[in-house]
Amino acid sequence: MKEMSRYLWPKDSWGDKLRVLLAVGLLVGGKVLNVQVPFFFREIVDSLNVDIAATGGTVATVAGTMIFAYGASRIGAVVSQELRNAVFSSVAQKAIRRVATRTFGHLLNLDLNFHLSKQTGGLTRAIDRGTKGISFLLTSMVFHIVPTALEISMVCGILTYQFGWEFAAVTALTMSAYTAFTIWTTAWRTKFRRQANAADNKASTVAVDSLINYEAVKYFNNEKYEIGRYDKALHQYEKSSIKVATSLAFLNSGQNIIFSSALTIMMWLGAKGIVAGSLSVGDLVLINQLVFQLSVPLNFLGSVYRELRQSLLDMETLFNLQKVNLSIKEKPNAASLVLPKGGEIRFDNVSFGYYPDRPILNNLSVTIPAGKKVAVVGPSGCGKSTLLRLLFRSYDPQSGRIFIDDQDIRDVSLDSLRRSIGVVPQDTPLFNDTVELNIRYGNLDASREKVLEAARRAHIHDKIESWPHGYQTKVGERGLMISGGEKQRLAVSRLILKDPPLLFFDEATSALDTHTEQALMSNINEVLKEKRRTSVFVAHRLRTIYDADVIIVLKEGRVVEMGSHRELMEGNGLYTELWMAQEMSMHDQSLGRSEREAPVPVK
């Protein structure tokens with residue numbers, strides 16, 4: 001509630017504050033008019049509870065004014081309520097937008113480790129339910145809880161003043177019993193709702209995971225397995241939902257028994273008053289109307305309290321996401337990264353591991369010279385891609401420091417650091433949108449001509465133009481509607497459009513055929529020579545990086561060799577072993593193809 005008050009009463013928006021005050025004014029006015037309705041009804045009954053034929057007169061003269069006042073009060077109460085809804089709706093929707101935007105922005109700023117450990121389906125579900133919970137909380141507070149409390153207070157005061165302590169005592173006992181029963185039962189039901197929420201998140205996560213990996217499901221004929229996983233999650237949700245529904249029936253029954261008992265007692269007391277001559281028939285009608293008038297807000301209060309507890313649970317999850325600490329933080333007033341040397345990168349005794357018991361880099365020290373093409377090679381798991389994640393500050397090293405042109409990357413702003421680095425990852429992330437938007441994502445302000453030029457330089461323009469919808473072709477979720485090679489060339493196009501001073505290629509051509517790879521690498525090399533960009537190529541296929549100015553060989557998180565291709569081959573070390581193993585593999589594959597293609601001799 002404290003968190004929500006900042007959004008409901010924003011410091012910087014006098015317009016929203018005025019709307020809240022106007023909504024409160026309409027609320028009070030509407031409830032005052034609503035409470036007047038039973039009084040006018042009593043006057044109408046008492047006015048007509050005489051022998052009109054004997055006394056003379058008409059409906060207009062006997063009860064006309066009261067009937068008009070009765071109708072006007074009902075209309076006024078309804079109009080006030082609807083105006084209140086209309087006035088407050090903009091406040092509620094703005095608050096929801098602010099919370100959702102802030103949470104979404106916070107999630108985008110969290111470190112990579114958080115997103116790798118969380119499942120997307122569960123996060124989106126939590127945000128969706130949380131924003132709905134906020135909407136319900138705001139509307140229930142303004143439209144149900146506060147109006148109900150005001151109406152109950154007014155009715156209790158009227159019953160006490162008009163009819164004495166007995167009616168007041170019954171009313172007070174009813175309110176206490178109703179409220180206590182509702183709170184106790186709802187608290188008991190909360191654990192069932194929590195279980196249902198957890199099962200709902202699990203089912204959503206399983207569904208999203210299976211649909212995203214649709215091809216893998218098909219490749220291994222595991223449809224039944226995935227359906228079984230989903231059904232198992234839904235079965236848990238089913239069991240929890242049955243408990244929720246059963247406990248709700250118990251709650252509703254108890255509330256109705258309490259209220260009906262109170263109404264019966266009050267009607268008995270009213271009837272006794274009529275027999276004793278202290279009350280009129282109109283008074284009995286007034287008591288009945290006032291008590292029934294309480295039934296609607298009380299029923300609302302019961303249902304609102306139930307939903308309010310659920311909404312608070314959902315909001316708790318949402319606000320807890322906002323409270324997740326940023327492990328990667330920039331210093332206050334951090335300076336922007338500048339590159340006076342052109343982008344020299346230096347790792348100084350860097351140690352890092354994704355898990356404490358599994359170190360990846362061990363006191364690694366290496367310098368990547370500015371304006372040079374540098375390759376990083378080595379066996380799988382030696383830490384090649386980890387260098388990029390540390391440089392990009394997706395993670396911070398456990399020890400050691402990383403410098404760019406003698407500036408510790410922890411001392412510069414994250415925005416300037418990440419704007420200076422361009423990446424072509426091995427698994428290209430694409431949005432479910434057009435080809436043009438996915439290329440333009442490298443520079444959202446780029447003109448169409450620059451987008452086309454970037455595509456040409458990445459050797460993908462002609463291919464795109466051959467598609468029926470050209471640059472407006474949708475690539476599908478995660479780019480599933482285009483080939484792996486096309487995805488990689490789109491990623492290169494995006495990088496060329498961004499045009500950063502530091503370039504990282506993580507197996508950027510692994511999905512390309514030899515001819516396309518050679519043409520693309522030729523264009524990339526032209527870009528590097530034109531602007532003397534510092535570039536780092538992570539590669540397994542050594543033939544793609546043999547022309548690098550410097551080749552860094554990693555093993556078990558340390559630099560074991562460093563030099564040009566010729567120098568490393570002369571050194572006869574790990575690089576030579578890797579090169580010879582790949583050459584032998586290519587020779588065997590070529591020999592195998594030749595044997596398969598050789599003509600069978602005719603006997």
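Heads up, the Cβ atoms here are built off N, Cα and C, so glycines get one too.
A sphere of 10 angstroms centred on the C-beta of Arg193 (glutathione binding site) encloses 20 other C-beta atoms. Here Swiss-Prot flags Arg189, Thr190, Lys191, Phe192, Arg193, Asn252, Ser253, Gly254, Gln255, Gly302 as glutathione binding site.
Other Cβ atoms within 10 Å of the Cβ of Leu387 (ATP binding site), summed over all protein chains shown, number 26. A helical conformation is recorded for Leu387 (ATP binding site) in the three-state DSSP classification. The feature ATP binding site is assigned by Swiss-Prot to Tyr354, Gly378, Pro379, Ser380, Gly381, Cys382, Gly383, Lys384, Ser385, Thr386, Leu387, Leu388, Arg389.
Taken from Swiss-Prot, the feature domain 'ABC transmembrane type-1' covers 20-310, and the record attributes it to sequence analysis.
If you look at the transmembrane segment (20-41), the same-chain residues 6 or more away from its ends with a CB under 8 A from one of its CBs are 8-9, 66-67, 69-70, 73-74, 76-78, 80-81, 83-84, 87-88, 91, 142, 146-147, 150-151, 154-155, 158, 282, 285-286, 289-290, 293. Annotated transmembrane segment per Swiss-Prot: 20-41 (among others), in sequence order, evidence recorded as sequence analysis.
Annotation comment: Swiss-Prot describes 65-88 (among others) as transmembrane segment.
What Swiss-Prot lists as transmembrane segment is 138-161 (among others), and the listing cites sequence analysis.
Sequence annotations record features per position, and here Swiss-Prot assigns transmembrane segment to 163-183 (among others). If one looks beyond the transmembrane segment (163-183) by at least 6 residues along the same chain, the residues whose Cβ comes under 8 Å of a Cβ in the stretch are 152, 155-156, 251, 254-255, 258-259, 261-262, 265-266, 269-270, 273, 279, 283, 287, 291, 294, 298, 301-302, 305-306.
According to Swiss-Prot, the feature transmembrane segment maps to 250-268 (among others), an assignment based on sequence analysis. Remote same-chain residues near the transmembrane segment (250-268) are listed as 167, 170-171, 173-174, 177-178, 181-182, 185-186, 189, 284, 287-288, 291-292, 295, 298-299, 302, 306 (criterion: CB distance under 8 Å, separation of at least six residues from the stretch ends).
Positions annotated as transmembrane segment by Swiss-Prot, on the basis of sequence analysis: 284-305 (among others).
It is Ser253, among the binding-site residues Ser253, Gln255, Ser385, whose Cβ has the fewest other Cβ atoms within 10 Å in the structure shown.
Residues Tyr354, Gly378, Pro379, Ser380, Gly381, Cys382, Gly383, Lys384, Ser385, Thr386, Leu387, Leu388, Arg389 are recorded as binding ATP; their most distant pair of Cα atoms lies 19 Å apart. Cα distances from Lys191 (glutathione binding site) to the binding-site residues Pro379, Gly381, Gly383, Arg389 are smallest for Arg389.
For Tyr354 (ATP binding site), the nearest neighbour among the binding-site residues Arg189, Ser253, Gln255, judged by Cα separation, is Arg189.
Looking only at the binding-site residues Arg189, Arg193, Ser253, Gln255, the one with its C-alpha closest to Ser385 (ATP binding site) is Arg193.
Take the binding-site residues Arg189, Lys191, Arg389: by the count of other Cβ atoms within 10 Å of each Cβ, the lowest one is Lys191.
The Cβ of Pro379 (ATP binding site) has 14 neighbouring Cβ atoms from other residues within 10 Å, across all protein chains displayed. Look at Arg189 (glutathione binding site): DSSP puts it in a helix.
Counting only the Cα atoms, the space from Leu387 (ATP binding site) to Ser253 (glutathione binding site) is about 64 angstrom.
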